[in-house]
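Residues or ranges marked as active site, proton acceptor by TrEMBL: S67, K70. Annotated active site per TrEMBL: S132, in sequence order. Look at TrEMBL and you will find K260 tagged as substrate binding site. The domain 'Peptidase S11 D-Ala-D-Ala carboxypeptidase A C-terminal' annotation in TrEMBL covers 312-424.
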Amino acid sequence: MKKQLQKKLIISLIAIFLLSIFSNSYITVQAEALAPEIDAKYAILIDGDTGRVLFEKNADVAAPIASMTKMMTEYLVLEAINKGKISWNDTTTVSDYAFAISDPSNGFSGAGLTQNKPYIVEDLYNAMAIYSDNAATITLAELVGGTETNFVKMMNDKAAELGLPDYHFANSTGLTNQMLEDVYPDGRDPNGDNILSAESVALLAYSLIKDYPEALEHSSIPQITFEGKKLNNYNWMLKHDPAESPNFVPYYYEGMDGLKTGYTGPAGKCFTGTAVRNGKRLITVIMHTNVEKDAPRFVETKKLLDYGFNNFEKVEIFPKGYQMKGKEELKVLKGKEKEVEVVTNKPISILIRKGEDKSLYEASYVYDKKLVSKDNEITAPIKKGDKVGTMKITYKGDGEIKFITQGKEDVIQADLVIKKDVEKTNWFVLMLRGIGGFFSDIWSSIANAVKGWF
C-alpha cells in the first residue's frame, strides 16, 4: 500500500513537471502559430511607442519604396516649419521642372499645378501627403532645399542622423530617375531609385510620428479639394465617404490615421500604415505586393494590425517612482542629510505578448560616473529631480526582443532622479564630522590592536 502511494506521488510530481514544461511550450508555439502569413516580399510590424519589432519578413532587405519616399520629404518640410525656416502660410511658385511633372496625362500622381501662381505651403503639403502629388512634392523640396539636388542630400543626411540601417534617396518623390527621364535631380544617377529596407521605412515612419505628430493630422484626412478638384486619399483604410469612394469602404480599419502609399513597377504596391486602439499604436510596412491590384497591400496590412492588436498588450512593467530593492538610497557627502532616495522619473510600459510574465523584464541601474562614485556616494548640494543615472531594462525570457531603434537609443528606460533636496551643510558641522571621523579611526585602530593581543 505504501509503495503504491509512493508510486502515485512520483507519477503526480512527474505529471506536474511535464505539464509546466508543455504549458510554457504551448504558449510559445501558440504565439508562433498565430503569426500571420503575409503575401508580400517584405513586411514589418512595430510598436509605435517603443519601436519594438512584433513581426518581420525579409525586413532587412533593401528594395525600391516608391512614394513612401515622401515620408522623408514630409519630415524635412515639418522640420523646416518647426525651426521657423518656412511657415504653413508661406507661398511659393512652381518651377519648370515641377510643372513638367505635374501634367496628370504623364501617368504620375498629381492634380495638375499651374505656373506663375502662388501656392500655400499647407496646400502643397496636403497634396503630397494625401494625394501623393509629385509636383507638389518637388515644389516643397525646392522651397526647403533651394534645389531638389540639395534636398536629396538633406534626405540622405537626415537618414544617417535618424539611424536608418540602410538607405539611398535619389529624389524627393519616389519616382525612379528613369521615369523622370531628363529632368531628374542634377548630379544623380540617371537609373537611380529610392532604396530602403522595410526596417528602415518603419524607423522613418516611427521618427516622423514621434518628432512631428502633426503629420497624422494631415495623413488622416480622407479627401481634400485642391485646384478645384476633389482628391481622395490613396489610403483606403481611412474612413472614406461611401458616396464618394464606395470601393474603399470595405477596407476601412478602425483607428487608422496614416501614413503613406507607394507604387512603381520596381517597387510594386507598397503601404506604410499606422493605427491606434486603446492607447496602442502600431506601425506596419508592406512592400512589393501584386503590382496589378491596389487591394492586397491593405489586406496584408490588416493582417499585421489584427495580429498586433489581438496578441499583444501594453503593460506597465515598472511604475513611476520605482526603486530597486537594496538600491533605494545614495550616500550623501557634505550634506545636511547622510542619505537621499533615488526614484525613476516615469513609468516604463511596453507591448508584451498577452499572458507573458512581466517579471521576465529586469531592471538595472547605471549611474552617471561624474556625479555618483563607485561607492554610490554623491556630493551635496543636490536638488529634487536631478538626474543621476538611468534605469535600463533587460529581457530574461527565451530568445530576444528587438527594437527598431536598437543601438541608436534605448526606449525602454527611465531616468534615475533625486527624490528630495539635500542642502550642503555648513563648515562647522563638516569640521566636527571630520574630527569625529579622525577619532573614530584612531579608536578603531586601538580596538583592532587590542583584539590582536588575544
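From the backbone N, Cα and C atoms, a Cβ is placed for every residue, glycine too.
Unlike curated entries, TrEMBL annotations are predicted automatically.
Annotation: K260 carries the greatest number of neighbouring Cβ atoms among the recorded positions S132, K260 [cut-off 10 Å, Cβ to Cβ]. DSSP states for the domain 'Peptidase S11 D-Ala-D-Ala carboxypeptidase A C-terminal' (312-424), grouped as helix (H, G, I), strand (E, B) and coil, give 3 helix, 54 strand, 56 coil.
Annotation note: S67 (active site, proton acceptor) sits in a helical segment as assigned by DSSP.
According to DSSP, the residue listed as 'substrate binding site' sits within a strand segment. In this model, the domain 'Peptidase S11 D-Ala-D-Ala carboxypeptidase A C-terminal' (312-424) carries an average pLDDT of 91.
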